[in-house]
Amino acid sequence: MLVNGELTFWKILPNTWLLGFMFWLLFVGLSYRLGKSLDPVISKADREFMQNFSLSQSSFLQSQLFIEPILTTIYYLPALTIFCMITKEWLVFPIGLMTVLAGHLAGHALNRLLFERRIFSRRNSWHAWLWIAFVFVLYVLAIVFRNQLSLGMLVPILLVQPFLIWFSYGYLKQQTNHLDYLSYCMDESLQMDKKLFEMSKGNEYTRQGLQMQAKLNAKTGKDLSHLSGMTYLNALLFDRYKKVLYKKVQNWVLAVVVILTALEGIRYFLDPFTFTEAYLLQFLPLSFMIMYVASSGKVVAQMVFVNCDISMLHYPFYREAKTIIAGFNYRFLQTCKLNLIFATSLFLAIMVLGRFAFSLETILLTALLLISLTALFSFHDLFIYYILQPFTKDMDVSNPLYKFLSGALYWVAYLNTRINVGSHTYILLVSLAMIAYVSIGYWILLKKAPQTFRLKA
């Protein structure tokens, strides 16, 4: 407007309206309505409403099943009408009108069918993640082929929706095992309430450790009979929580693989690009934040306190200097193993993106940086835990300095993402600074931890 003196901001590029409608269709019809209908959990608000007004569960849920989507569709009528008036494409009107009802009824019908086959759809199950992946692929396809979108593509949807509504409605109306299904939904809802309660237990400095207690594996995975003393105690602790700890690492490694696969797909099918050494040097400061998010240091620090130290610190032998240092060394090395797995996957992903075409100096500096980050994030949370030991026997945090230092690394990681310095010197200096911090911190720990590693009153 400032350049041409004309109001041009309202001019929409071709196919933008259609792409927007496709996004709405995917989100409302598939992501929200159909996806939500596959979830057997009844919201706490709905359960409280039924209880407070003494409503029949069956009647209330039947109304939610058949009446609520119709009311929601009516709410969409003004927006659909305005959309069609602006675009002059009235074909989208009946499709938009049936989207909520078709997705809602189809999801509930599929959920009941799975229930009849004794296949229970739960949150975080493979069914749910498979559905999320499918919808995500549709979003990507809509973006990639946005220039090929046409109204003709909506005709099959228009033809399928009435059949989907009719078939789903008929299947749901002929169902007779309402009580069994309602009982199943109520059980799932109560289980979800329990999970939410467990997630809210404790505070941010102990919550992850408390959540791990529910996943404790009481069986010893490997023979530890050759160990003794504190080494045996720590080895047993890590062995019993090994599955939980490594699952977190596996998820982050999987995320790296998925992102790498997506980038390679974009490079091959859409927009060939070269991940040059200059790009790598600009990316490396961001690896600070990536390692911070994926680090197991905070989880391990909470685990050892909540599941071991809170009880053992009452005994004098556990507060002896050699016991404290031996415990720290073992825990630090185990945390390094966890973080090193992710750091290695990140390093390999970077090398694959660059086709191993970087200079030897850059490769070595990248490896040094990731090793330094591994040491830093494995050390920091355990270090401040041992030096300050801020917890009381009630798991309260009594030391405000601990709260500050616990979040300090986030701000350091964040500041690194804002620094636009892509040079070998910067990477080398940052790596050496982290190694110096770990070295000096360990020397301080040897001197101070035997005096500070106590339960606070």
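Every residue, even glycine, has its Cβ placed from backbone N, Cα and C.
Worth saying up front: this structure is predicted, and the values here are computed from it rather than measured.
TrEMBL annotations:
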- 12-34: transmembrane segment (TRANSMEM)
- 65-86: transmembrane segment (TRANSMEM)
- 92-114: transmembrane segment (TRANSMEM)
- 126-145: transmembrane segment (TRANSMEM)
- 151-172: transmembrane segment (TRANSMEM)
- 252-270: transmembrane segment (TRANSMEM)
- 276-294: transmembrane segment (TRANSMEM)
- 338-358: transmembrane segment (TRANSMEM)
- 364-388: transmembrane segment (TRANSMEM)
- 400-419: transmembrane segment (TRANSMEM)
- 425-446: transmembrane segment (TRANSMEM)
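Highest Cβ contact count with the transmembrane segment (400-419) among the listed stretches 92-114, 126-145, 252-270, 276-294, 425-446 falls to 276-294 (criterion: pairs under 8 Å). The stretches the transmembrane segment (126-145) and the transmembrane segment (425-446) do not meet in space: the count of Cβ pairs below 8 angstroms, excluding pairs fewer than 6 apart in sequence, stays at fewer than three. Beyond the ends of the transmembrane segment (252-270), by six or more residues, the same chain brings 144, 294, 341-342, 345-346, 349, 352-353 to within a C-beta distance below 8 angstroms of the stretch.
Residues 21, 24-25, 28-30, 32-38, 40, 65, 68-70, 72-73, 76-77, 80-81, 83-84, 120-121, 127, 151, 154, 157-158, 161-162, 164-165, 167-169, 171-172, 175, 181 of the same chain lie 6 or more positions beyond the ends of the transmembrane segment (92-114) yet place their CB under 8 Å from a CB of it.
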